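Here is what TrEMBL records for this protein:
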type	residues	note
TRANSMEM	B:35-59	transmembrane segment
TRANSMEM	B:79-100	transmembrane segment
TRANSMEM	B:112-141	transmembrane segment
TRANSMEM	B:161-186	transmembrane segment
TRANSMEM	B:219-238	transmembrane segment
TRANSMEM	B:258-278	transmembrane segment
TRANSMEM	B:299-320	transmembrane segment
TRANSMEM	B:340-358	transmembrane segment
TRANSMEM	B:365-391	transmembrane segment
TRANSMEM	B:411-437	transmembrane segment
Amino acid sequence: MKNRQYITGVYYDDKELLDGIIQIQKSDIPIFDVRTPFPVHGLDDVLKFKRSRLPRLGFVAGTLGAILAFVFQVWVFSSSWPLNFGGKPFFSVPSFIPVTFEMAVLFAAISLVFGFLIKSGIGPGAPALIFDERTSDNVFLVVLEFVDDSHEQKIFNVLKEAGAEDIKSINPSLQNE
Amino acid sequence: MYISPIREPLVTGSKSYKQVTDDITKPMDGKPGRLWFVGLGLALLALMLGGVAIFVTVWDGIGSWGLNRTIGWGWGITNFVWWVGIGHAGTFISAILLLFRQKWRTSINRSAEAMTIFAVMCAGLFPLLHMGRLPLGFFVFPYPNTRDLWVNFNSPLLWDVFAISTYFMVSLLFWYMGLIPDIATIRDRLKRSFKKKVYAVLSFGWTGSARHWARHESMSLILAGLAAPLVLSVHSIVSMDFATSVIPGWHTTIFPPYFVAGAVFSGFAMVLTLMIITRKALNLQNYITVGHVESMNKVIIATGSIVGIAYITELFMAWYSGVVYERFAFVNRAFGPYWWAYWIMMTCNVITPQLFWFKKIRRNLAATFIISIFVNIGMWFERFVIIVTSLHRDFLPSSWAMYSPTWVEVGVYLGTFGLFFTLFFLFIRFFPVVAIAEVKSVLRSSGENFVRKGVENEK
């Protein structure tokens, strides 16, 4: 396989980054990735990301947790081992609500976090493809990928026109190997 | 992003992104100062005392505590409720204030959440110890066992098990997910070393990719949405430990909202007490500004006033209900043998926080520090008053009794302080106290000139 090569351009402000990306998108060069030190508002719209399905995952898991907790409590108290507490009914919905709620929240939260980690391919000790160590500090980085060397100059020009600075072609370093 | 033309900046000193990173990670560079070692040493000392006290409790049994037949809940449960209450500020700040789009939360949420997690750990220790047999603590969970017995799902004490463990778990996940990008920042700053490897593992391979950020944002928002009702549920359920019983002074329907307000009240007080010192010790005055302290003081006065109204409502309802037992319980609280505890509670929780109506006091760090300690003390006494004064006068005068703790109970309490501060000192040494990425995202929200200047500074 041919070695992948990347060209990166630097921005120092989130608004300039957004304007720059819109400019780059006018050419037909696809954007490989954008690295930012913090979540930039509007960036996902500009990059046309699909809406995350995590909320739906959370909803499904939460519902599952609630149903499991409720059914389990009902089973314990009206079928497995009914206990008489001061003559109160075995099937007492109000006193099952707190545990049902807590389990719904717990299931939803855990599934959200694991969904996020798995979908993003990150986790303890996961390798990180770093193009520029300053992206976690103060630099907004646009990364373009090219395979054919003849594209290189063209990409340089596109980035330059889009106001990016410090444009260079780069082989990323893999952390955590 | 909306840029406010008149609001005071959330971060002062016209910081660039780079300066934010440098300032916040600075306390983690080099060797820690002498103050840090002294603090950690004291905390470890308290922790060891706690270890001894816990050993005595487990070895000799609960008889080593000052409890008796009438007063079965003393310092143990008081401390439990107090610590859980303190553990409410962090998630309140990071979840509810996130949903309300309060940007000032970004400077304090990370450390407040850490305090939440440590406080809940301290809290959880007390019911576990109070059960007497530490290794059998897992009996509280419904697991299939040879006796075919289940736990009692009608009991608020069991709801507490679920509420507190869920709360701990969700707070921990929420906190750590927020921490990942900041750990990556530290990783990228370090030169190749063992330390860098450790942070690389802890950072989960975070790269700051736009796709990850989008997902991270989406997850954080939903987690906040889940954590917000969770915060309210936890102390509501704690209050039901009391409210569902028939003890005069406990048997009250206003307990859940009253306890939640009290929890946020005491939690904010603890966060203020610690942050006023930490911001100075770590040189973070530009990030945790007087404006932040003022905002937190406003929350204190709101929740403190709710607590005050709840006290007065309780008194009124005791009289209005016409129940002689209720009337006696409340007259006895104020003028009985534990009158001093009641009036400490009233002074510290209802009267002193009202001073925050004055802007000068709200923005004065020394005054805030003193009042926040008053609130911490007052809220401890609130739980003591509710628990002990309601119990010590039984329905049968023949079983009336008094209660005072033994050194073992005091030792366990000091031990939890040791645990809390040990963890807190380690936290401020090895993790960024302020959420770096989140502060950067609100940095340029105060005036167009500032934004232009910021871009120039960055180069």
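One is the number of the first residue shown, and numbering goes on along the chain from there.
Each residue, glycine too, has its Cβ placed from N, Cα and C.
TrEMBL does not curate its annotations; it predicts them automatically.
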(message) I need to check the long-range neighbours of the transmembrane segment (B:35-59): which residues 6 or more away from its ends have a CB within less than 8 Å of a CB in the stretch?
(response) 65, 125, 129, 132-134, 281, 407-412, 414-422, 424-426, 428-429
(request) Could you tell me what the rest of the chain brings near the transmembrane segment (B:79-100), counting residues at least six beyond its ends with Cβ under 8 Å? (result) 108-109, 112-117, 119-120, 122-123, 126-127, 130, 164, 167, 170-171, 174-175, 178, 220-221, 223-225, 227-228, 230-231, 234-235, 238, 259-260, 262-268, 270-271, 376, 379-380, 383, 387, 412-413, 416
(request) Would you kindly list the residues that approach the transmembrane segment (B:299-320) from elsewhere in its chain, counting only those six or more residues past its ends and only Cβ-Cβ distances under 8 Å? (result) 252, 254, 257-258, 261-262, 264-265, 268-269, 272, 326-327, 329-330, 346, 349-350, 353-354, 356-357, 371-372, 375, 382
